[in-house]
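> Provided herewith is a single structure, encoded as structure tokens, for subsequent inquiry.
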Amino acid sequence: MQIVILKNSAEVAEYGANIFKKQLQSKPDSVLGLATGSTPVSLYQGLIEANKLGDISFKEVTSFNLDEYLGLAGTHPQSYRYFMNEQLFDHIDIDKANTHVPPGDAENPIQACDGYEEQIQAAGGIDIQLLGIGRNGHIGFNEPSSGLMSRTRVKTLTKATIEDNARFFKEDEYQPHLSITMGIGTILDAKKVVLLATGENKADAILATVEGALTASCPASALQLHKNAVLVIDEAAASKLSDRDFYKHIEAENQKLLARLAKS
């Protein structure tokens, strides 16, 4: 894994946005894997601005989101389809017919999961997958104990995840306890994975992901198996890593090498 440690959340978002800009500039018809939650919002704002400036276009892009609450239609304000429309799709030149979010209101959720996998394969697979990470190391809604080669399926949310997400729901509002999520195996199939994490509350999860054992107890640890995974984290999220200066040194040397290769 490539570990990039930056000062704060603003730098994390900017770095992540630049990765996606370069992807779209080199391959305008990219298949993007997208995520929801508070962490990607600033990254999306950077992409919206770049699109308005004409630096990138989404006209040829196909996208697949990681997950969706089971039981919420896409028009529900707390659904992830609604979130993506508000935070990204409504503000860029993407064809919404090419944007895919697992159907939370599917009559047959199991069949819908199989269909989602088929859609990803039909699109040629995901070129670059954006991830956040939960306090317990979950990616997407792959909670601890998830199979490391799992595919898109229905998952029960842990109490910790339900509590973390409760802030998005009104006190008397129905909050789903089930979801449809890409599996860890589905995520690992992406050609590149970019995980963003900020804040001290993610430090334990980042420690387990980077330096811990490969285990279903920390789903994000599966990224140790990926040949092109980038973790972009701030100082707070990196605070429990054993040798932050070493990771920074590695990244600095990597950037020097890339700069030298770019000139040759």
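Positions of Cβ are set from backbone N, Cα and C atoms, glycine also.
Summarising the annotation, Swiss-Prot assigns active site, proton acceptor to Asp67, His138 and lists sequence analysis as the type of evidence. Swiss-Prot lists Asn136, Glu143 with the feature active site, for ring-opening step, giving sequence analysis as the kind of evidence.
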> Note down the number of other Cβ atoms within 10 Å of the Cβ of His138 (active site, proton acceptor), including every protein chain shown.
25
> Would you mind checking how many other C-beta atoms are within 10 angstroms of the C-beta on Glu143 (active site, for ring-opening step)?
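Excluding its own Cβ, the number within 10 Å is 21.
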> Which residues of the same chain, at least 6 positions away in sequence, have a Cβ lying under 8 Å from the Cβ of Asp67 (active site, proton acceptor)?
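For Asp67 (active site, proton acceptor), the qualifying residues are Thr36, Tyr80, Pro102, Gly140, Phe141, Ser179, Ile180, Thr181, Met182.
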> If you skip the near sequence neighbours and keep only those at least six away, which residues in the chain come within under 8 angstroms of Asn136 (active site, for ring-opening step), Cβ to Cβ?
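Long-range Cβ contacts: Glu143, Pro144, Thr158, Ala160, Thr161, Ala205, Cys218.
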> Can you tell me the three-state DSSP label for Asp67 (active site, proton acceptor)?
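Note: Asp67 (active site, proton acceptor) is in a strand by DSSP.
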